[in-house]
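Colleague: One structure is given below, represented as structure tokens, and several questions about it will come after.
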Amino acid sequence: MQESHQPRKVTAISAIGYGMGDLYGGGQGALVATYLALFWNRFCGMDIGLTQSVIGMSAILSAFAALGFGVLCDNLYRFHIGRRFGRRRLVLAFVAPAVLVGCLLWIPGLPTFLYCLVYVVWVMLAQLFGTSYSTLPGEMTADFSERTTLSTVRLFLSTASGTLIPLLGDIVLSAVGEDHPGGYMGFAFAVTSMFALAVFICWRSTWEMSPRQAGFGIYEDSDGDSATIAAGPIIRPARHVTQVWLHRMSVMLREYASTLCIAEFRRHLTVYVMVMVSMDIFGQLFLFFAIYDWGVTAAFASMLLTCAVISLPLMPVFGWAIIRIGPRRLYAINFAGCLIGVAWMFASWMLSGTMSRAAWTVFTIIGAVWFFSFKSLCGYLPWQVFPYIADVDQIVTKRYRSATFLGAQTFVRQLCSGLLSIGTGLVLAATGFDSRLDTQPASARIGIGAILLGWFAIAMTIGWVESQRMSLSKETDNMLLMEIHRLQHGGAKTDVKPEIRNTVELLTGLDYNDCWRD
């Protein structure tokens, strides 16, 4: 197992190797969101209501799975297999070949229940991967700048994947045609194989904390597996298996509930959920919006999605800005830009058919460049903030529980996303949407536009307001790390400096005396 027993330097090679994982993490969402609903509607006999219900229910199941995955991944060091192969990288090694099951999603003529089953497995694998992968920056280094480098490279490659998939899809569909499934199938098979290779490279390029560094030193020299997958005291065998599992479940739920005691996490969670759920809905509906509201082809809509490529050269600027001006100010710039982009897309909708086609195309492409630049920043910022949440928690609990926090935020995100996906399908079905028609009734077109643009605008507004209450920055995180280091080496809580005490209380929402509990 590759562990960081001694501090290791994050190099360009290791950062790129880590970032390769998000070719899958970000790319699988782009592949599914851009093409799967359309493919199922056109070639697999599934209507929009059923498609959205499958996507929504899978997200809800994934939400509950996230709870188990988070605690499992944090506590694998309690078991021999985790101590031998790592608690994070063991998961990466499993996911790499398993993602190939996703090829079954793109074969027409299979039973509907099989599409549903495979999609659930696909979503679960992405969830399991994300639970371990997203925690690695905080384990590979404690340095703010190196963590920012890891996250920046990761999100650069994620954005590249999310941009190239629609671009290459546009090329394939333009060459092969959109009216038969062969182009979709070949493209999806190739991309899924790339995902498996990317996760393998990530597994080979990363390292993680040792059991002792992660707060599991008591198990480091243990050969037994008697501990349970729950934080807290070891659970001894009980008379009834049901009682044992009920106890484990209650401990797990208390573990997750404790994450909400951290004030900065509550603020981050609100922003994260607003951003990610709005992006989920956008991904599911944009092609329908472009085809039926704007009246363009799927190939042109895919080309518009590639306008996100403009954000790639901006990624280093994003990384510099988050260090220079902090997440709070960058969030304000981001949300303002997204709201302008939503207004621009609405204007394109209203002007479709009234402007000359050439002028409308230029206007829409410029708007897409603007919108997708800020949309990429929207996906970038929460993941830059997340690695530091576990630092805030560590000064309270003495443990580094990044996967538990990831499980909690993913549960809320997937639950909300699933419910909204189901609701979207029901609303569109009620408005008369029929995927078998080349044109949709006015009520369906209005429904698509209202859900896509209206929800995005509402989510951005809520996220903007909540982000201005956040206090994490390079300076405040450094204060936390210095205080954690001081306390770990026997420093007395009574000797804390006033400015550090105030920072700890601001970030945790707790009195300083309630932190670093015995």
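Keep in mind that glycine also has a Cβ here, set from the backbone N, Cα and C atoms.
Keep in mind it's a predicted model, so treat the numbers as computed, not measured.
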Colleague: For the transmembrane segment entry in TrEMBL, name the matching range from 21-41, 378-398.
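Modeller: That would be 21-41, the stretch labelled transmembrane segment in TrEMBL.
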Colleague: With a cut-off of 8 Å between Cβ atoms, can you find at least three pairs linking the transmembrane segment (445-465) to the transmembrane segment (89-107)? Only pairs 6 or more residues apart in sequence count.
Modeller: no
Colleague: Near the transmembrane segment (357-374), which residues from the same chain, at least 6 beyond its ends, have a CB less than 8 A from one of its CBs?
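Modeller: That would be 294, 304-305, 307-308, 310-311, 314, 334, 337-338, 340-342, 344-345, 347-348, 351.
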Colleague: Test the contact criterion for the transmembrane segment (269-292) and the transmembrane segment (89-107): 3 or more CB pairs under 8 Å, pairs 6 or more apart in sequence, then answer yes or no.
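Modeller: Answer no, regions not in contact.
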Colleague: May I ask which of the stretches 89-107, 182-203, 298-323, 330-351 has the most CB pairs under 8 A with the transmembrane segment (155-176)?
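Modeller: When the Cβ pairs under 8 Å are tallied, 298-323 comes out ahead.
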Colleague: So, taking each listed stretch (89-107, 182-203, 298-323) in turn and counting its Cβ pairs to the transmembrane segment (113-134) that are under 8 angstroms, which one gives the highest count?
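Modeller: Of the candidates 89-107, 182-203, 298-323, 89-107 scores highest.
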